[in-house]
Amino acid sequence: MVQVAHFLFGIFGNASALFLFLSPVITFKRIICNRSTEKFSGVPYVMTLLNCLLSAWYGLPFVSPNNMLVSTVNGVGAVIEIIYVFIFIIMAPKKEKAKIIGLFTSVLTVFAAVVFISLFALHGSPRKLFCGLAASIFSVIMYGSPLSIMRLVIKTKSTEFMPFFLSLFAFLCGTSWFIFGLLGRDPFVAVPNGVGSALGTVQLILYFIYHDKKGALKNQTQTEEESMEMGQQQKQPNNTNGTSQG
């Protein structure tokens, strides 16, 4: 029964993770149409790529048994993220292009180092421990990337820059893999995704608190502008009368 539940949560985790990886498609459609990366940052896509590569490697049977579903979705995610990174490099201005190319090279170097060490220097439990720690660290970094956006939501009282479906799939993905890790008794899957589930929950709470405030703020701004215009119109006759008396 536990094995069945473990497998089902792995399938659900694959589906929600795939939607999470595909969520930036709208952003990249805009980048391609405008032929510019505008003010978007390419760093999250490169860091997510590293997370996918390390997680896919960790899920392989000779590294950690019973985690093949972790490898499948992260392998697909790595391909998707590479496409995002290449598009970003092509469309980015020279300074940003050089930055992302440098970061992309560093990511490939780190991944190659993890693969080399785990293959030739470590075996059995030490290999799983080393690869699991590497994958966990960058999973937490990936899930923690929306913290600046969450701070912006609280500051502006607007969810304009925190799309609902991105928050929803982050929550579903984190929760699914958290339960998958618990059922499989794998802390390297459970802990980082538990953090992701908690952060996804906070994002959803913020969304439901502030998603109606955007319209309210616009109405307040419009009311203030109308009040200023009415005040200016009331002042104009007084100025005219003063001029005629002079």
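A Cβ is built for glycine as well, from the same backbone N, Cα and C atoms used for every other residue.
Features of the protein shown, as given by TrEMBL:
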type	residues	note
TRANSMEM	6-28	transmembrane segment
TRANSMEM	40-60	transmembrane segment
TRANSMEM	72-93	transmembrane segment
TRANSMEM	100-121	transmembrane segment
TRANSMEM	133-154	transmembrane segment
TRANSMEM	161-183	transmembrane segment
TRANSMEM	189-210	transmembrane segment
REGION	220-246	region 'Disordered'
COMPBIAS	230-246	compositional bias 'Polar residues'
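Nonlocal intrachain contacts for the transmembrane segment (189-210), taken as residues 6+ away from its ends with a CB within less than 8 angstroms of a stretch CB, comprise 67, 70, 135-137, 139-140, 142-144, 146-147, 150, 153-154, 157-159, 162, 164, 167-168, 170-178, 180-182. Using a cut-off of 8 Å between Cβ atoms, the transmembrane segment (72-93) and the transmembrane segment (6-28) share at least three residue pairs, counting only pairs 6 or more apart in sequence. Under 8 Å from some Cβ of the transmembrane segment (40-60) lie the Cβ atoms of residues 21, 24, 27, 31, 67-72, 74-75, 77-78, 81-82, 84-85, 88-89, 92, 96, 99-100, 103-104, 107, 110-111, 114-115, 118, 128, 131-132, 134-135, 138-139, 141-142, 145, 188, all in the same chain and six or more residues away from its ends.
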